[in-house]
Amino acid sequence: MKLTCVMIVAVLFLIAWTFVTADDSRNGLKNLFPKARHEMKNPEASKLNKRDGCSSGGTFCGIRPGLCCSEFCFLWCITFID
């Protein structure tokens, strides 16, 4: 009985978390396509190519991998050398 209650609470929590963290889909495709078309005409405009605010290896990043240039973060930015 306890396990069933725990499972129900866990599923409800995950469903609520999904709705809270979901993106707003109103006018999503309308706003997405003109931006993508602009990036196709000018590849330099792509946000994926820009890494201006990234930190080099050995700097503190917490647990947010987006701060590191290498995208590997475990408290500090990790850079692998081949």
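Using N, Cα and C of the backbone, Cβ positions are placed for all residues, glycine too.
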Pick out which of Cys61, Cys69 Swiss-Prot lists as the disulfide partner of Cys73. Cys61
Member of Cys69, Cys77 annotated by Swiss-Prot as disulfide partner of Cys54: Cys69
Per DSSP (three-state), Cys54 (disulfide bond) is coil
Using the structure shown, find which entry in Cys69, Cys73 (the disulfide-bonded residues) has the sparsest Cβ neighbourhood within 10 Å. Cys69
